[in-house]
Amino acid sequence: DDVAGCPPPKRARLNPTTSTIAEDSKFSYSQPMHTANPNISQQPLMSSVLDDNNTTLTTSDTATTLERLKQNLNGNISNNINNSSISSSTQTNHCQLHTKIFSNSEKEILRLIGQHLQSVGLSHTVDSLILESGCVLEHEQASNFRDLIISGKWTEALIALDKLKQYIAEQDGIQQMKYLILEQKYFELIEDEQAMEALHCLRNEIRPLNIRIERTHQLTAFLMFTSMKDMYKAANWSGKGFASRDKLMEKLQKYFPPDIMLPPKRLESLLSQAIQLQQEQCTYHVEPGRLSIEDVSLLQDHTCSKQTLPCVTVQTLTNHTDEVWFCKFSPDGTKLATGSKDGNLYIYDVDMTTYKLKLRKHFDGHSFGIGFIAWCPFSRYIIACGTDECSEIWIWDIQREEQRSRIHHTPDDSLTCAAWLPCGTRFVCGGSRGQFYYCDIDGNVIDNWEGVRLQCLNVTSDGVILAADAQKRISSYKFDSLTDQQIIHEDHPIMSFTISKDGRLALLNIATQGVHLWDLHDRQLLRKYQGVTQGHYVNHATFGGPNEEFIASGSEDSKVYLWHRKQERPIMIFSGHTRTVNCVSWHPILPLLFASASDDATVRIWSTIEHQCQTESSTNSD
């Protein structure tokens, strides 16, 4: 008779020596069936129990019903058998079978859990999960295919693959899978020193597939290796055995739809995606690299505190005697350059471990002060520009600690900004009086553009020249064809701008408005950051963090403002300077370090509390 209203069960057999269910699918059970009554295991094989209608059921019938429940592919029925046994319910005329209808999401979660348990070797726990829930991990044929791959039974595996081809959606998926299987077979034959068989496999099995032609030519060379270690390295193969076959199975698994065979390590993949999303949404996360499962606790969401950000002054540079207008770290991060109204350019060496800065060299003679600094891409040369009254610029060789060249085209020039081209030997410069020059490193003017009153210049990593002009625009310029194209137009004057490393985003300091973020590709205004006090003085903001998730800017209220790029309200405001903060520069490599320059004649170096303690300890030891 049917049990608990179930349809007639699939036949199963009972192992007479262990009283366990033996099945034809991939999962088998060999542990004795535990019962509440220790004497039950001593009963004859055909001892009986009663169902709800007092109908006699043999142990064999019950086992058969359990087998059908366990192999139900849809996972709609679950048997809840206490300790996987026939309990003492015979005394109450009830068979301990409980059914539960699982939702689709619950079934998928059970499969994910089962896959993970199987991957860590808890096979008996997987068996219990399948038995109790009625859900199976994968299609029976797919399970058989996996066993054949792990066992290295290549001929049988190819036959089993043909039976599964109806489930492969990719057009040449079957051919690709056969190639991977035969490649593994080929390598194992070489390791077993069966060169003729390996050659036969290559010529008569792999080559007729007529795919991956270049890879097939490469496979021929592996027959010539005399050292297996060299062959392993060249083939990027770990050798015959479970490890390489399991890796092969992971590659093959990707071709199957998930209802037939779960993608490899699916639970770990989902957890990693969740952690990555939490990292992206964490306002204060500043550590470089992506977090892994091992880096966080899965028992709670990932969050960082404000103390993980650079939020304290770890060093104050006081070499300048007047307002400091600009500061900039070198592209390689080993140096910091600062320029001031006092006409001095100071170069500091950066200790990449302690974050401590030490004065390296200072260059003087800039009679109008230094309002802008541009490092060449190789961190060797610096261009120093003056104010609107300055008609010349200086190029300094930091390595040799000497002046490389000096550009003075006409006395009427106003050269207040410059930017290097990616080659590092040419640059563009200009100013508010309409000068726009294209020059080489020796100061020779190669070309010029008439009538463009420049406020600021930048060059992208792929060589696109961008310039902000007096018409509240940012445009791109091509000197070879003398063509320009407007990209951005603001309603107020653009005092300065900087671009992200990938050239996609531009950060603008706008007179009376503050800091705006633009997408240069889509030509859209993305954010208007709040809080900063911006008048008509030049202020330079910066991108920061390992993926440039942060934005920092000085302010005329003597503070430094810090935003997360996706949030318009500041997440932190730093005090310390006593007058207007003109420029902020974030270290290009160390995400926990930035510098700020102020009219109070100081440059402050900001980092974390941890590095503050390290710096103070180092100073005391010195």
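One-based numbering along the chain as shown.
Here the Cβ of each residue, glycine as well, is placed from N, Cα and C on the backbone.
Taken from TrEMBL, the feature domain 'CTLH' applies to 138-197. The repeat 'WD' annotation in TrEMBL covers 317-351, 546-573, 574-607.
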Over the repeat 'WD' (546-573), what is the model's average pLDDT?
94
For the repeat 'WD' (574-607), what are the DSSP-based totals of helix, strand and coil residues?
0 helix, 17 strand, 17 coil
Can you break down the repeat 'WD' (317-351) into helix, strand and coil residue counts using DSSP?
0 helix, 19 strand, 16 coil
